Each structure stands twice: as structure tokens, then as C-alpha cells.
């Protein structure tokens, strides 16, 4: 499935945007630091045009995977591909069309926001010399920093620094934008703005990979999700499929949880206690049967409603299974 | 994209000239680098003024070279070079080299450069150029301000060499230029090694400590008779040869050896930097 866009024989033919099957892809990607396994056999596939949320607790290997994908770190084993180019061998051919904010913004405190961005812009292959200032101004406006552009970076707040990092990722129209924990240090308004930026990128056809340990954030902005846990890719796919994979279930507020759970389990109906209620899986039974079972066992049913699995549940399930 | 789309080009790296210019602007905008240049410029003025006011140390009391400044102004830039070469100039060089890679890494900006992308090998050349330019400027500032101060203090009737002959003004300035050029190569050698250290760490202070500490250790090792076999490898061995330009004719032996040695240091330093940067985790 490797998108072989490098035609043999001919000199470096730049891959036509979108010619590779996936915007980013890894095969058996692995990274160990001494005896610590940071990332283990990750097969990540990011289709073109999606917003993929990389999900996982701190230390689950999200950032390391991203760093290997961008050629910042060499994998111990496995291969990676970025916009159809092998990483790290030909990563330079892909990077001009990739914007990234990895491990927080990095800028020089003695320069102003604008000067810092001008420095980044000067190294951007896709920008023509005449377009540098315009691109910088546009990027600053886009992240709402135009007013503070002349201030020294050292005087920026955490949120402003984060915005400047985002601006540098958006200096050039990109095919792929990688954002590692983009809402770190942002206030709720800033978080909303980042979501809007991601939505705009998505609407423009840009592929976005956004890593986060905040589940709600991923649920709000992504079309796809990849769940990492202890360095392994637990699952990946469309967010809706993932949410449905939890299966339909019924949340029952019963007068006696313990007795209710016992009754259900006796009849082989899978259920668990959750927040003072019973969550019953409806894979083999339907709601009336569940309620009948409970009532028969002398357990009063105060309320019963269809529960939709949210990302948090699925995440809990997935990570429990592998631990 | 919502706003103006800049003219898109399809290159895998930005024009080298633009990247170099941006790097130089970054080096020369840094307040501490400017202060360092200013400080270096003040040194010949300071020494010259003190010597002019006091008539310099009497012979046998203090460095012999310093004594020769009195009434012989064009010796001043060379004396200042001799005095700064062993520690001050290497310190400035190491400071810039430390910022070049270790400092960028500490600020998280090295990542940005590689992601732009500036190729890893190309980045080393860009950074090496930045260090070299700052080194050349440091030495040039001492030479130029030294000459001007010397001329102001003694007037322009040439240079009395240590051998007793008198050189005309143009010849004297040629000697100063020779000394400055030679000094630049020595500092370039030290800078290349400092850059290699800079590629190894993300702590700029480590680069300063290793470079300056290394020079001090070299100086000590060079003094030990038992380690005489080591002397040809130490960059400190011929540093004082720069004063040889004050003799007539110039004894070229040590100067040329020093030149070769500095060349080797540059080669080793740059190779090590490239080797390290090619695989460095950023």
C-alpha cells in the first residue's frame, strides 16, 4: 500500500499534490530510548483531507510518532511516508507543503513576533522573496496577533506564544498541517479560535493531524481519530464509526444498583455500574427485556434512557483492554 | 486559505542567499553580540589611552610588547590581538557558536528551521557562516579600531618593528592586516570545534565551558615538558606567533604551522558538526 510516487529513473519528480494515497502513513514505526519503548509498531494512516485527532494520555507516544513522521527523530525500526515521500530520506520534498507546531512554539525572546515570523518565512521554500512580508502579516492576522506583532516575544503570554507558533505553521498554504497539543495554555476563547482555524483548514481541503490528551477537543474538531496507548496504536478510523463501535446501550437509574447488576448478569446481559447508574449493552437484548429483568428481580427502575457512547467511554474501554 | 496567497514556488529549499541573510541578520541583531563587538572595539582604545597617558610600562616591568606601544601606535592593534586571542576572542566565538545550534535547540527554534525545511547539512553551512562572520567582525573591529587609535595617538610615521627597522604606513597597515587575517583563521578553528560541541548539546553554557575550559587545559598541557609530543596538536601552541608580524623580516615558520593547524581544526570541527546534525534528534 506504499504510495510509490517516486518514478524510477527520472530525476526528482515532485509528487503532484494528492497523488499519494495518504497524506501521511507509517509502517511498523518503532522508537526505543534505551529500554524504554516510546512507540511500538505503529501503523498510522492519514487519508487526504481528513482532520485526524491523535488521542492518548501524556506519554502515550503521540509526540514521538509525530516527530518521526516529520523527520525530526529517526525511528528505531519501521518506515514513514509524508505526502508520498519517504521519511527521513526525502522528507525535504514534503516539508515545504507541511506546516507543523510540535512540542510548543519555538521562538527567540529578543525578537518581536513579526521578526520571529520573518525569520521563519525566510526559510520557507514555497514563499517568493517578494511575498515574505505579506505572508507574515496575513498569518499574524489569521491568529489574531496583528496588534501585538511588534512586541518582543519575551513579553508574550503563553497563549500568544501558542498563537505565534500556529501562525508560523500557517505561513504558507499547506497540504498537511500537524498540530501537537495546539490548545495548551490557551483560554477558552483561544481554544475556540483554534477549532475555527482547524475547521477553515478542513474546509480548504487541508489535511490536519492534531494531537491532544483532551478528549472533548478531539470530538469537537475531528473527522478521524487514532488512539495511542503506551506507545501502541489501539485503534484508528472515522470518528463516527469509532463512536458507534461502543454499541448501543441503555443507562438505567435503578433503586438498587448492586441487585440490578446481579440480576442482569444472571441472565447473561452485559452491564456495568457507572456514576450511580447501570450501563447496559444492548447488543443481544433490547430495552424492554432489560427493564423486565430488573423489575422481575424486584429492582425499581426510576429512569432509563438510550446512552450514546462518547469518546471518553470508548477511550476508557480501549485503554483498559490493553493494560 | 482566506487571505492573499503568496506567489507559490515549488522548491524544496529556500534560496541560500535569503537564508544566509536572515541568519546574519539574526546574529547581528542579538544585543549580546553587538555588546561583544562594542567591548572589543573599546579594548584598543582603552589600552592605547592608558599607554599614552602613562607612557607604558617601563622595560622589564610588564609585557615587553606593551612597552613597545609607547611611541609606536601601529603596534597597538597587534598587541590587542595578542592579548585577546587567548581568551576573549575565543569566548566571543564560542558564545556565537553556542547560540548557533545549542541555543536554537534550547529555544525550540532548531525544529522550526528543520521543518521549514532547511536541510540538515545546509543548516550546518549556514550556521558555520554565521559564526565565521561574527569571528571575522570581532577581529576586524580590534584591528580597525586599533589602527585608528594608534594613528590618533602617535601620528602616521609608520611602525618600528621589534627587529629595529621602520616600516612605512602602508607596510605597517599590511602587517596589521596580516595579523588580523591570521588571527581570524585561528578563531575560525576554535569556532568550528565550538560549533561541533554546539551540535552535541542543547545547553549553550556547555559550549562555552568546553571551549574556554579546553583552551585553558591546552595551555597547561602545552607547558608540561613530558607532554611535548602533544604540542603540535594544540591550537594554543602557536597562538603567540601572531606577534611575529612585528619582526622584519617575518619569521614565517610558526605562522604557517599555525595556519595549517587551524585549517585542520576547521575541517575536523565542521565534519563532526555535519556528522552529528545528520542524525540529531531535534
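Even glycines carry a Cβ here, placed using N, Cα and C.
Checking TrEMBL for transmembrane segment across the ranges B:204-222, B:223-241 points to B:204-222. If you look at the transmembrane segment (B:74-102), the same-chain residues 6 or more away from its ends with a CB under 8 A from one of its CBs are 27, 30, 32-33, 36, 40, 43-44, 47-48, 51, 65-66, 68, 110, 127, 130-131, 134-135, 138-139, 142-147, 149-151, 153-154, 158-160, 169, 172-173, 175-176, 179-180, 183, 186-187, 190-191, 194-195, 197-199, 201-208, 211-212, 215, 219, 236, 239-240, 242-243, 245-246, 273, 277. The transmembrane segment (B:34-54) shares the most Cβ pairs under 8 Å with B:123-156, out of the stretches B:123-156, B:176-197, B:259-278. With a cut-off of 8 Å between Cβ atoms, the residues of this chain six or more beyond the transmembrane segment (B:123-156) that come close are 16, 19-20, 23-24, 26-28, 33, 36-37, 40-41, 43-45, 48-49, 51-52, 69, 71-78, 80-81, 84, 89, 92-93, 96-97, 100-101, 113-114, 169, 173, 176-177, 179-180, 183-184, 187-188, 191-192, 194-195, 199, 270, 273-274, 277.
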